[in-house]
């Protein structure tokens, strides 16, 4: 028993009383078609039981803050080690969270800079260091013999007042001279100062010359000056020209610039290098590194329109449109231009005045919301200052702020340039780089930088342990294929796969043993070239004495597994059984296993019989794309073809397709607010009427959103139930069968079907509503039935079950068949959006698009649509995508899956590597053409899958 994990009678979700034994201290892969029950067994049963037992082991005091987790529907789980789940949930959306803070590498980097960093003055770049009295004396006596100087102690620095008491006390202490605002004065007749001005006062402690025999006196004077000046003294070399560079030096027991510049550093502590702490954060952006700025291109999206036609977008689509139009008309009358002139034909001066305001008062006549005419004098603020002011004023109201944010874009902070830290902190260097520059390096380069640092023996002794820890953590990140990321990469910009691999690397760094790790498709987002390193990482975790359960479809991972559990044979109610539990060889030979059929090549995704060919001149061409790591790329996407963009992770695929192509077309065609990445132009837009991005973002953020509501089939279901005899007799309308409005829904849970229980230190838990039992409707509504089923019963059906149930209803069946065709036959119609994976949400959106009657001329953009799909489901997905292209549309897909790549009409391969070593188009053409390019990593893996043509 100690060498096995034993599950008895698992019935969670669609599992059919599953009992299974799996080995411990092994790499185990759970596989099967999408919806077969893999996650139900791995996460909802095995991991959930491990988490529940952990909470049970805590004290009663601790448990009161965590709540009680429900036991999974399983008879027994034996031999279960402590369990840790590493899933695909995206990282924190907090703008202060970065790759460096998540992995804690930045924490160690802060410690390194605090201990061996070399501070410099941010103004003059002179080296800054602490000085002891002995060191200060040595430096002064090293001057040429006879050099005269005054030792001064700063007692007042830039403070208003007459400072009479300061002068009196200094005179009483025996001092005879002071320097006030740069002028030397005698203390026996103290000056009368203007109390409204700021003054600086230095007391002359001693007047000396560098010569033998003065060391004792100079040491005493230096110590006295440091005591009076709060650890700081000034030395005035009186023989130098006033105002010259060498006239004065500053010495400090703390950190100070020798040229008397303010450096803003008090002590070199790790907290100083944190952008999340006030001591080191940039004072302008408070450590965010960016600010929101109004973008004129979003304010005036169409420069062919005149002001009268609504050229100023934020002043057109608003309740105050009439007021703003009158304001512009008053400005035009006062300045002498016409509001009927197209924006592009207005002079630059007029455009600047309209956008940025003018120092003139206008006589404004307008009609208020009650229809009454009003008039008054008004200063013209300008569109951009108006939006910026309203954005700042609406900080408390997210909806209002979002309205103004649509006309703004995020730009780097002008003070720190996006580095997030204060100038003094950025002037501290190690190996010639400040901490922000080090954090901006790709992880592969950062590893090389920390390994090659040339340090003094004392610095090496101090930094050795920190450098070893940084190197170890970086190695783990490199091993999971994240060499192209940098520590300053915002966590919110990471894909689910990247976030999961970061958590995996962090767990490896933790060095735990005798633990069960449950992973959800760690190969997502990884190019085939990087897969081998990931597999080696998983093996290393296993070899430490851990058990790994990996939910995975990737063939390479399956082939290296110690044990494979194939769940199926189908999805939903047709799954939930153990088809095969054994070695990879046993799986490949199993006659009932769909996975085994593809592993043994009994089944394969066929190459297209004939690839579509591009039409000369009909292409969307992006010219000179230069966003992020793209190197002035010019590339064409043939219109009417199925195009795949491939390349290693971080090569620039998403930047090119999502940030530039899709965003620019959405702005041009649909007047979207988001600004595209840097590029010179896009040509061929005349061939496209519509652009649709089918991404993996949730289809809704509440349990009330589900596949039925998103695809529109729910409207037809509600109408169908409203036409039943019982509903007609009661006078129910279709709205009665909606759980979003009062009437038919359960008012205890407001139609959610669940109640959210906050778990404080753990993720929130949703429990079924105790009144409706999760049905979402009240008893009266559930009393109306169609073919013996209530509306709640229908929503509880899987797509496949409902397809059979509504076989005679043409409209509903058509909607359902498309959901089934994209591989969602196992998903329940009413399954909450919050429980759908990113891949499932993407396929729901794809189904919604396929249901629309297309007239062609639409560009569809998809980012890794095979996420979470079994190879059998990939085959169905490809059929759906080819249908879109057959309808006269253009499909562009970012993908690593070789089965999708080989099915493309046109392939654009990016690379050659990730990060700054990528950003080029390595090859473009048919898959056969790309396979012959020696620099293409994709081509090397693709060539073995292509039959000779």
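Any Cβ shown, glycine's included, is placed from N, Cα and C.
Curation does not apply to TrEMBL; its annotations are automatic.
What TrEMBL says about this protein:
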- 32-39, 647-654: ATP binding site (BINDING)
- 615-943: domain 'ABC transporter' (DOMAIN)
- 746-772: zinc finger (ZN_FING)
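DSSP assigns residue 647 (ATP binding site) to a strand. The Cβ of residue 653 (ATP binding site) lies under 8 Å from the Cβ of 645, 646, 647, 894, 910, each on the same chain and at least six residues away in sequence.
Restricting the average to the zinc finger (746-772) gives a pLDDT of 79. Of all Cβ atoms in the protein chains displayed, 30 besides its own lie within 10 Å of the Cβ of residue 651 (ATP binding site). Residue environment of residue 34 (ATP binding site) contains 26 other Cβ atoms, counted within 10 Å of its Cβ in all protein chains.
According to its DSSP assignment, residue 38 (ATP binding site) is helical.
Residue 38 (ATP binding site) counts 27 other C-beta atoms within 10 Å of its own C-beta, drawing on all protein chains shown. Counted over every protein chain shown, other Cβ atoms within 10 Å are most numerous around 36 among the binding-site residues 36, 649.
Taking all protein chains in view, 29 other C-beta atoms sit within 10 angstroms of the C-beta of residue 32 (ATP binding site). In the three-state DSSP reading, residue 32 (ATP binding site) counts as coil.
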